[in-house]
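Student: Feature annotation from TrEMBL assigns active site, proton acceptor to Lys43, Tyr304. What TrEMBL records for Arg174, Met352 is substrate binding site. According to TrEMBL, the compositional bias 'Gly residues' annotation covers 143-157. Taken from TrEMBL, the feature domain 'Alanine racemase C-terminal' applies to 283-410. Here TrEMBL flags Lys43 as N6-(pyridoxal phosphate)lysine. If you look up TrEMBL, you'll see 134-159 marked as region 'Disordered'.
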Amino acid sequence: MTEPEEVRQPFRLAAVDLGAIRHNVRAVDALVGPDTAVMAVVKANGYGHGAVEVARAAIEAGATWLGVADLDEAVALRDAGLDVPVLAWLHGQDARFDEAVIRRIDVGVSSVAQLDAVARAVETVRGAGAAVDVPAAGDGDGDGGAAGDGGADGGADGEPVARVQLKLDTGLGRNGAARSEWIALFSRAAELQQAGVLTVTGLFSHLSNTNEEEDRAQLRQLTAAVAEARAAGIEPTVIHLASTAATLRLPEARLSMVRLGIGMYGLSPFDGVTSAELGLRPALRVEGRVISVKRVPADSAVSYGYTYRTAGESTLALVGLGYADGIPRLGSNRAPVWIRGERHRVSGRIAMDQFVADVHDAPVEVGDRVVLFGDPAEGYPSADDWAESAETINYEIVTRIGPRFERRYES
Ligand SMILES: *Cc1c(COP(=O)(O)O)cnc(C)c1O
């Protein structure tokens, strides 16, 4: 007889608490107030949590925009039936801007060359006579007057029009148009808008989060850019700069929209500041199962390279998770795990598919849950604990959770 479905427990489980996602979005939405929209950033499969499920929860809780890195991620959201405004800001040289036009995806443009590629894509779509997705009723009205979706999608004659947001490098030194290119970018964008090829729906930049002084300097650069853009004849609907860190700590950087990533997942962007201190609830709990238990004598070696030996007679619990699942190998002999309410430590090297925890004399059995990290308010180690063990940041811990995990959603 097969076991009933609810009894079957995967030995690699990524449980996502959508209630926590909603809580975090509501908290930030309340903090920024009615004049600032919240964009839910769901790139990289929603930081490993599942992009579509997180996006739906975020929208329920008041987010009015979605943000992703590339167009494939944006198209996947559209395919899942999400029809709120979506912005994608990172494009390869062969990016399918025609798809962006057809699917009404806002394209973050970082150069005149990209702007021209978008304009060519509009010609292609028009030439093919392709139909543009129709916006859903009420789409983009946002937060009761907060940043809307930036206006027209069809030209005066009903022709497809691209939606473009100009991305400026105000000091991060990464993606975004260099200061020397701003004027050319603005005047070309104004020209194409005048010609009915595209609508400039927004203007944005990204902070380095180095310190408050540097962030303020970038904000001044963006303010100057907005003035230059207006002088060139561009009136962007949304102007945005802040990701989670500035959203929480630099109110003047919130502008018409904040791009909420890590905070929506309930994690802190600040060193030494916990989720709870920020009023956030971690949404992801990563679990394995004890898949074998053995009692061994003192001085028993564990795993590759014998980097761990038992101090006395001890119980070793085998967990079926490894670096192929995104469990960082640097956590070997350092990172915590929770079994039956007690903390133990990864013992010996983390291998591709498995690791061991020396649980000493704790009564551990095959099938016991092993929580690597979750919400510390529930007694579990945190993603921050794992980040510290692996000399990285909580962002990397959650985004690397691999495809062999079964993701389950709790509301
Ligand atoms: C990833 C990303 C964000 C979200 O950042 P968090 O620190 O996770 O809030 C916002 N804006 C851009 C451009 C990004 O790439």
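Heads up, residue numbers simply count up from 1 along the chain you see.
In case you wondered, yes, glycine gets a Cβ from its N, Cα and C as well.
Show me how these features fit into the structure around them.
Tutor: Lys43 (active site, proton acceptor) falls within a helix when secondary structure is assigned with DSSP. For Lys43 (active site, proton acceptor), the number of other Cβ atoms no farther than 10 Å from its own Cβ, over all displayed protein chains, is 19.
The DSSP secondary structure for Tyr304 (active site, proton acceptor) is helix.
Taking Cβ-Cβ distances under 8 Å and a sequence separation of 6 or more, the neighbours of Met352 (substrate binding site) in its chain are Gly322, Tyr323, Ala324.
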Student: Helix, strand, coil residue numbers for the domain 'Alanine racemase C-terminal' (283-410) per DSSP?
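Tutor: Helix (H, G, I), strand (E, B), coil: 25 helix, 48 strand, 55 coil.
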Student: Counting across all protein chains shown, how many other Cβ atoms sit within 10 Å of the Cβ of Tyr304 (active site, proton acceptor)?
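Tutor: Cβ-Cβ neighbours of Tyr304 (active site, proton acceptor) within 10 Å number 11.
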Student: Which ones in the same chain are close to Arg174 (substrate binding site), with CB under 8 Å and 6+ residues apart in sequence?
Tutor: His206
Student: Averaging the per-residue pLDDT over the domain 'Alanine racemase C-terminal' (283-410), what integer do you get?
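Tutor: A mean pLDDT of 98 is what the predicted model shows over the domain 'Alanine racemase C-terminal' (283-410).
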